[in-house]
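Okay, structure first, notes after.
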Amino acid sequence: MSLLHPNKPVIELGVNIDHVATLRNARGTSYPDPIQAALLAEEAGADCITLHLREDRRHIRDADVEALLPQLRTRMNLESAITSEMIDFALRLRPQDVCLVPERREEITTEGGLDVIAHFSQVKDAVHRLQLAGVRVSLFIDPDAAQVKAAAEAGAPVIEIHTGRYAEARTDEEAQRELDRVQAAVLAGVGYGLKVNAGHGLHYTNVQPIAAIPEIAELNIGHAIVAQAVFIGWKNAVKEMKAIMTAARLGIHKK
Ligand SMILES: CC(=O)[C@@H](O)[C@H](O)COP(=O)(O)O
Ligand SMILES: NCC(=O)COP(=O)(O)O
């Protein structure tokens, strides 16, 4: 278990603000403002702000990223496809973190992890260019030992384990099987000396077994926080998620 450190959270929360932008874009208004959401999330305890600049700009837009980066007090984790357009954008802005994710335009949400093995040279080149520019690179991968190995070989210092299949499990047995896969991938990543994060589809109940995995450094969570904010307010939703994650890491399970 992580030792309690006066200034370091036992597990970090990256708040993904994509779906604040979804709500804004639904009517083409200027509100709700994703930048305001990010700054309030930091006030509420977010350790970083994650945002996914998709190729189709369905939610976060270039101007959001450009306006937010200089205002953040914590750090920006920009999720990006490995296309030259997106890598060039990331190199121009140079956020603290970039997480390379797969993208298919027709997908409703990110369906699977980046296939590092199949796109090894392209991934390795993107990792090299971004790391050279001082950007810390994370690879968003499925909980698969071969992908973890490929990520380490591609030179990425960080991986984020895709928890989508765990989150979408329909039975307790399936959820446990997927949780075991996540845990094995986390340990494999630590074995290669990587920082290991996780995310996708996590909410206030299913987050607890994931947060309890002591080797996970950070969870990136968005959709569930935006949904909860509808009922209890944005800052409260962020605070509640952080509290549940921290309690789970300390062995306290909340109903
Ligand atoms: C990579 C990832 O898991 C997040 O970016 C997630 O995809 C949220 O964005 P969407 O809901 O647009 O997929
Ligand atoms: N990488 C996961 C992320 O940023 C948020 O995913 P979700 O919580 O919106 O499913």
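Each Cβ is built from the backbone N, Cα and C atoms, and glycine gets one as well.
Cross-referencing GLY45, GLY201, GLY233 against the 3-amino-2-oxopropyl phosphate binding annotation in TrEMBL, which names ASN16, ARG27, GLY222, HIS223, picks out GLY201.
Together with ASP18, HIS19, ARG54, HIS59, TrEMBL lists one candidate of THR29, THR74, THR109 for binding 1-deoxy-D-xylulose 5-phosphate, that being THR109. Counted within 10 Å of its Cβ, the other Cβ atoms near GLY201 (3-amino-2-oxopropyl phosphate binding site) come to 20, all protein chains included. Contact annotation for recorded positions (ASN16, ARG27, HIS200) versus ligand 2: ASN16, HIS200, each with CB under 6 Å from a ligand atom. Within the set of recorded positions ASP18, THR109, GLU160, the entry lying nearest in space to HIS223 (3-amino-2-oxopropyl phosphate binding site) is ASP18 (CA atoms). Checking the recorded positions HIS52, THR109, GLU160 against ligand 1 with a 6 Å cutoff on the Cβ atom leaves HIS52, THR109, in sequence order. Take the recorded positions HIS52, ARG54, HIS59, HIS200: by the count of other Cβ atoms within 10 Å of each Cβ, the lowest one is ARG54. When the Cα positions of ASP18, HIS19, ARG54, HIS59, THR109 are compared pair by pair, the longest gap among these 1-deoxy-D-xylulose 5-phosphate-binding residues is 12 Å.
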